[in-house]
Amino acid sequence: MSNVTHQPKIGFVSLGCPKNLVDSERILTELRTEGYDVVPRYDDADMVIVNTCGFIDSAVQESLEAIGEALNENGKVIVTGCLGAKEDQIREVHPKVLEITGPHSYEQVLQHVHHYVPKPKHNPFLSLVPEQDVKLTPRHYAYLKISEGCNHRCTFCIIPSMRGDLVSRPIGDVLSEAKRLVDAGVKEILVISQDTSAYGVDVKHRTGFHNGEPVKTSMVSLCEQLSKLGVWTRLHYVYPYPHVDDVIPLMAEGKILPYLDIPLQHASPRILKLMKRPGSVDRQLARIKQWREICPELTLRSTFIVGFPGETEEDFQMLLDFLKEARLDRVGCFKYSPVEGAGANDLPDQVPEEVKEERWNRFMQLQQQISAERLQEKVGREILVIVDEVDEEGAIGRSMADAPEIDGAVYLNGETNVKPGDIVRVKVENADEYDLWGSRV
């Protein structure tokens, strides 16, 4: 008689932003540690977990469709994530969902899984769980989540109502996780949160401990400590607080990547006030100039919203003028979309869709020209590139100026003698508005 027991199998669908990806990885790690197998096909799974996004209406729709697909293909579905905070909305469309939890409800998700698909009593697979946790990103880069929630109340955003106020992770825990990632082969750490520059504010920047040494709970201290790991460290979602100035010298010294992702959202003081965002555009331009003087290699990424309620042609022109003067390297632009529960929904003078579309096109046309000019300046120079993919035609990687998924790529045509995670020196030979082409030096 066989003593082989059935290993319970879980399907997993992860939607949304990198912060959601981190939540998914944490749940997956716990499941694998307990002896569950994670499978890629609905019909192989005993149950499916859908980690949802609910930030904008299109994301809500995508999440609802993913839940529906999981129900049709499998039938046993647990929902978690941001949209899970709106249980009634999910139940109205999908009443057969077994359980619904909100964001970062790891323990609740696991309890529900245990109820419907009991965990195996004996787990001989524990040692198979990678030391750096189960990752949904390639092995050579990883997201490092340093906090949850946000203290800001931007009128276009509902994240605080979904994820709550800022809660910083203990700096010792963050640094220990980073060390485990590096020990497991990670070459690039991407620091993420809802508001990276606010790290430690909620605990009054108290002193924590790592390896027996005192470390202040702050973004600057975190960067100084991460720089000792000898890998690329990239900062995302940095709110433009004054102390952001203090990380620029670390970038100039090569301690962390000269890359700053600062969502500025607009340039009209009036619109920024309606958004409840900081509104001194002249001050921001002066800071950008100062940052570039300290760190000439600095790459600046930002995101903007066009068609926000009340935006006039004059407001929009201020945004275009800001782009021309700031000459940002990487820019994302979104047409304003109402989000259920957001304060901006109640603002007067909603902008017609055709006007949003026209302004978005003008914005993108201008920024593409600026991006192309910025990248053209790199032609003839040598840069470091981290390799992401290799096939028979060559390799694709990213420079220090490129975050995965959202920025450009560096194409190394014909270069096959490398592997993902390698960092190589490349001479840039060509550029367009987004990407670079070059050869290994």
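Backbone N, Cα and C define each Cβ position, glycine as well.
As given in Swiss-Prot:
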| type | residues | note |
| --- | --- | --- |
| DOMAIN | 8-118 | domain 'MTTase N-terminal' |
| BINDING | C17, C53, C82 | [4Fe-4S] cluster 1 binding site |
| DOMAIN | 136-373 | domain 'Radical SAM core' |
| BINDING | C150, C154, C157 | [4Fe-4S] cluster 2 binding site |
| DOMAIN | 376-441 | domain 'TRAM' |
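Cα distances from C53 ([4Fe-4S] cluster 1 binding site) to the binding-site residues C150, C154, C157 are smallest for C157.
In this structure, the C-alpha atom of C82 ([4Fe-4S] cluster 1 binding site) lies 17 angstrom from that of C154 ([4Fe-4S] cluster 2 binding site). Each of the binding-site residues C17, C53, C82, C154, C157 was ranked by the number of other C-beta atoms within 10 Å, and first place falls to C82.
In the three-state DSSP assignment, the secondary structure recorded for C53 ([4Fe-4S] cluster 1 binding site) is coil.
Excluding C17, C53, C82 themselves, the residues of that chain whose CB lies within 8 A of the CB mean position for the [4Fe-4S] cluster 1 site are, in sequence, L15, G16, K19, N20, T52, G54, F55, A59, G81, L83, P103. Secondary structure of the domain 'MTTase N-terminal' (8-118) per DSSP, as helix, strand and coil residue counts: 58 helix, 22 strand, 31 coil. Break the domain 'TRAM' (376-441) down by DSSP state and the numbers are 1 helix, 34 strand, 31 coil. Distance between Cα atoms for C157 ([4Fe-4S] cluster 2 binding site) and C17 ([4Fe-4S] cluster 1 binding site): 14 Å, as a whole number. Other Cβ atoms within 10 Å of the Cβ of C150 ([4Fe-4S] cluster 2 binding site) number 22 in total over all chains.
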